[in-house]
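Taken verbatim from TrEMBL:
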ACT_SITE  Asp12  active site, proton acceptor
ACT_SITE  Asp149  active site, proton donor
BINDING   His10, Asp12, His44, Asp149  divalent metal cation binding site
BINDING   His44, Gly120, Phe121, Gly122, Gly123, Gly151, Gly171, Thr172  substrate binding site
Amino acid sequence: MLENGADYLHLDVMDGHFVPNITFGHPVVKCLRNKIKDAFMETHMMVSKPEQWIEPMADAGVNQYTFHIEATSNVTELCHKIREAGMQVGIALKPNTDIESVEKFIDVADMILIMTVEPGFGGQKFMSHMMEKVKWLRRHYPTLDIEVDGGVGPSTIQECAMAGANMIVSGTAITGASNPKEVISSLRDTVDSVIKSF
Ligand SMILES: O=C(CO)[C@@H](O)[C@H](O)COP(=O)(O)O
């Protein structure tokens, strides 16, 4: 655990093309890595050409490269390239993408990310019906890492955990809180206690 409470960083990389917003790329990620040595870094690649950034992100010290299934026609090859570059593989699904589309790639992935908002912006409303995808995944893959992202906070965390998500991305609920550390702890505690109750 780092001093600021972060031992896992989920970094949103947006290219202004796959999503209508731009954030940052591998040079910024590399700077962050130089400052934060110990954290596990996941880059959520909301980009049109995920194959283009594998090597630069590996060089920047990224641990997990999560790309969108909608952005490539060759998921398996991409997964292999990411692993060959020394990173773990995450596959992300936009809200309108069917869960069955990822099934044949689960063996070559380390984590599936179910978007619970349209990717591109923080502060959107949690899409509760995405929990059907999480439940489906958990039912079929009991040990899979399943991440949810978008509108997740104290009022929606229980639903995510009960559906089977074990990895949570939360933005506004933490950055907008008067006590962010308390919110992080409470989100973690909720997920931990639901997992223990299964
Ligand atoms: O990737 C995205 C949006 O594209 C998310 O990571 C959100 O940025 C999370 O923010 P909140 O919905 O929690 O505010």
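In case you wondered, yes, glycine gets a Cβ from its N, Cα and C as well.
Positions of the features from TrEMBL, shown on the structure.
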residue	record	contacts (Cβ under 8 Å, 6+ apart)
His10	divalent metal cation binding site	Glu42, His44, Asp149, Val169
Asp12	active site, proton acceptor	Thr23, His44, Met46
Gly120	substrate binding site	Met14, Val19, Pro20, Asn21, Met46
Phe121	substrate binding site	Asn21
Gly122	substrate binding site	Gly171, Thr172
Gly151	substrate binding site	Thr116, Val117, Gln124, Lys125, Phe126, Met127
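All protein chains included, His44 (divalent metal cation binding site) registers 24 other Cβ atoms within 10 Å of its own Cβ.
DSSP assigns Phe121 (substrate binding site) to coil in the three-state reduction, placing it in neither a helix nor a strand. Sequence-ordered, the extra residues of this chain that approach the divalent metal cation site, with Cβ no more than 8 Å from the Cβ center of His10, Asp12, His44, Asp149, are Leu11, Glu42, Thr66, Leu113, Val169. In the three-state DSSP scheme, Thr172 (substrate binding site) falls into the helix class. For Thr172 (substrate binding site), the Cβ neighbour count at a 10 Å cut-off comes to 15, with all displayed protein chains included. With respect to Cβ neighbours within 10 Å, the binding-site residues Gly123, Gly171 differ, and Gly123 shows the lowest count. Its Cβ placed at the centre, Asp149 (active site, proton donor) has 25 other Cβ atoms within 10 Å. DSSP assigns Gly151 (substrate binding site) to coil, not to a helix or a strand. As a whole number, the greatest separation of Cα atoms within the substrate-binding residue list His44, Gly120, Phe121, Gly122, Gly123, Gly151, Gly171, Thr172 is 17 Å.
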